[in-house]
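Annotated features, as they stand in TrEMBL:
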- 74-516: domain 'Major facilitator superfamily (MFS) profile' (DOMAIN)
- 21-42: transmembrane segment (TRANSMEM)
- 151-170: transmembrane segment (TRANSMEM)
- 177-196: transmembrane segment (TRANSMEM)
- 202-225: transmembrane segment (TRANSMEM)
- 237-258: transmembrane segment (TRANSMEM)
- 264-282: transmembrane segment (TRANSMEM)
- 347-368: transmembrane segment (TRANSMEM)
- 374-395: transmembrane segment (TRANSMEM)
- 402-421: transmembrane segment (TRANSMEM)
- 427-450: transmembrane segment (TRANSMEM)
- 462-482: transmembrane segment (TRANSMEM)
- 488-511: transmembrane segment (TRANSMEM)
Amino acid sequence: MPSFDEVLKEAGEFGRFQKRVFFLLSQTGITFSSLFASVVFLGRAPGDFWCRIPGAAELSDRCGWTLEEERNFTVLPLHLGNESASGECERLDVSWDPSAGCSSPLARHGNRSTGSPPLAPCRDGWVYQQPHASIVSEYDLVCDNAWMLDLSQAILNLGFLAGAFILGYAADRYGRIPIYLLSCLGVGICGIIVAFSPNFTVFMIFRFLQGMFGKGTWMTCYVIVTEIVGSDQRIVGIVIQIFFTLGIIILPGIAYLIPTWQGIQLAISLPNFLFLLYYWVVPESPRWLLTRKKGEKALKIMRNIAKHNGKFLSPHYSEITISNEEVSNPSFLDLVRTPQMRRNTLILMYAWFTSALIYQGLVMRLGIIGGNLYLDFFISGAVELPAAFLIIVTIDRVGRRLPFATSNIVASIACLITAFLPEDIPWLKTTVATLGRLSITIAFEVVYLVNSELYPTTLRNFGVSLCSSLCDLGGIIAPFLLFRLAAIWLELPLIIFSILAAVCGLLVLLLPETKGIPLPETLEDVEQLPSHFGKCGKKWKHRDTNSYI
């Protein structure tokens with residue numbers, strides 16, 4: 001019986017069929033990255049706002065004041081009496097005389113008639129010039145409640161974390177396509193509920209669920225793409241991340257054209273319903289079917305792939321080699337049960353954590369010059385585009401391990417140099433920091449590819465999801481690490497980033513090189529992968545040279 005890779009080679013490793021599936025699934029990257037970074041625009045500063053004074057709204061309606069006139073009666077007297085008071089988080093402790101004229105609404109200043117006017121904290125809400133521009137003005141996430149905006153992003157990352165475990169496990173047990181479609185449906189439905197949430201609690205619950213389903217769409221589509229192409233075409237795992245960057249670049253344009261946060265939320269959520277149409281055009285992964293002892297279905301899909309690619313499978317292909325490994329439900333113990341798997345898992349988990357922590361830390365620190373939010377965000381996305389192209393140029397020539405290690409080392413050196421550059425040459429400091437971000441972006445994208453190539457088919461989706469969950473943990477920790485250490489010394493976070501990246505660069509040298517090697521099907525295959533520093537296990541036939549290594 002032929003192996004799956006032999007049948008795939010005859011059917012076409014990256015023909016018309018795979019290109020179509022790749023293009024369709026890649027669109028998931030645009031919607032996922034928009035969800036990932038949406039808080040920048042959903043939670044943007046609401047513009048001018050001030051404390052609402054009891055009775056002010058009623059009097060404003062009766063007198064027909066504009067917002068500017070209401071502000072003049074509430075904030076201006078406060079500012080004149082106390083120049084340090086802004087009126088955003090405190091108000092005049094005054095009474096409004098309902099019978100007073102519209103031109104003189106303030107009856108008295110609390111219990112004091114002289115000196116500075118008495119102040120009181122805001123307890124009756126705020127008035128916003130743009131009341132529905134962001135979730136900040138929608139749910140009063142200002143002053144003492146400002147930390148709740150950070151919590152909203154942490155909740156999204158917790159959703160990503162839950163999705164990595166729950167939906168990663170489900171995709172390995174029930175199939176890639178059913179979980180992908182379920183996740184797309186979940187993202188769309190939860191996104192609509194988030195947009196029309198009556199209060200912040202409902203918003204947070206369904207933002208968590210949208211994050212969970214969003215992670216399911218991204219990880220599952222990535223695994224499907226890497227499983228239906230040949231080993232020397234798995235560079236598509238890098239190319240698909242260009243679409244993630246495209247989502248980052250497109251998002252500020254969406255936010256610029258749509259003035260309300262509800263509109264932005266709907267714009268990034270509704271396209272997920274279109275992905276449900278993939279049910280009729282994207283098949284189940286034949287590799288996964290083989291691991292579930294469904295060889296006939298796998299062969300039927302392979303014949304369909306060959307037909308679309310303009311090729312023909314030999315009639316004697318009546319059955320494909322099925323893994324002799326017992327089919328079981330994946331668990332974390334499977335990822336650390338054997339020496340090679342254990343080493344791979346621990347190193348990959350650290351690489352995911354480090355890449356996410358440094359990437360988000362550098363983005364927050366660099367700030368992309370400042371000024372126009374939409375332009376700055378666009379530039380921050382454009383900086384990432386060269387990363388994918390550099391990987392495409394090098395990874396099939398020199399392998400995975402060397403670019404992986406080099407990008408981490410360069411990021412480490414860039415962070416260290418940036419920390420000690422003088423402040424009076426900001427252009428050089430910004431340039432070196434940008435080099436660090438570009439390097440860590442390369443590392444971030446390579447870890448996706450390497451992770452999927454180092455796990456057997458029976459554990460691939462679960463392994464990628466579990467290891468990448470450390471990315472979400474890094475994303476949660478990054479802002480706290482950055483700002484707490486910066487309070488001690490502004491450049492201290494860069495020193496920590498440098499150490500983390502240097503350690504990662506050394507550790508990934510211990511991973512097996514997977515360039516040109518078929519995807520492992522079983523745990524035994526993983527244990528026999530060519531190991532670090534040129535040592536060999538099983539003699540694998542290299543797909544580029546047909547020689548054994």
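Placement of Cβ uses the backbone N, Cα and C atoms for every residue, glycine included.
Note that this is a predicted model, so its numbers are computed, not measured.
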Query = Going along the chain, which residues at least six beyond the ends of the transmembrane segment (21-42) come within the CB cut-off of under 8 Å?
reply = 134-135, 149, 152-153, 156, 184, 187, 191, 210-211, 214, 217-218, 221, 224-225, 228-229, 236, 239-248, 250-252, 254-255, 261, 264-265, 268-269, 271-272, 275, 278, 281-282, 373, 377
Inquiry  = If we skip the immediate neighbours and take only residues 6+ beyond the ends of the transmembrane segment (237-258), which ones have a Cβ under 8 Å from one of its Cβ atoms?
reply    = 22, 25-34, 36-38, 40-41, 44, 221-222, 225-226, 264, 267-268, 373-375, 377-378, 380-382, 384-385, 388, 391-392, 395, 445-446, 448-449, 452
Remark   = Best-packed against the transmembrane segment (264-282), counting Cβ pairs under 8 Å over 151-170, 177-196, 202-225, 374-395, is stretch 177-196
Query = So are the transmembrane segment (151-170) and the transmembrane segment (202-225) touching or not, going by 3+ C-beta pairs under 8 A with a sequence gap of 6 or more?
reply = yes
Note = Model confidence over the domain 'Major facilitator superfamily (MFS) profile' (74-516), as mean pLDDT, sits at 80
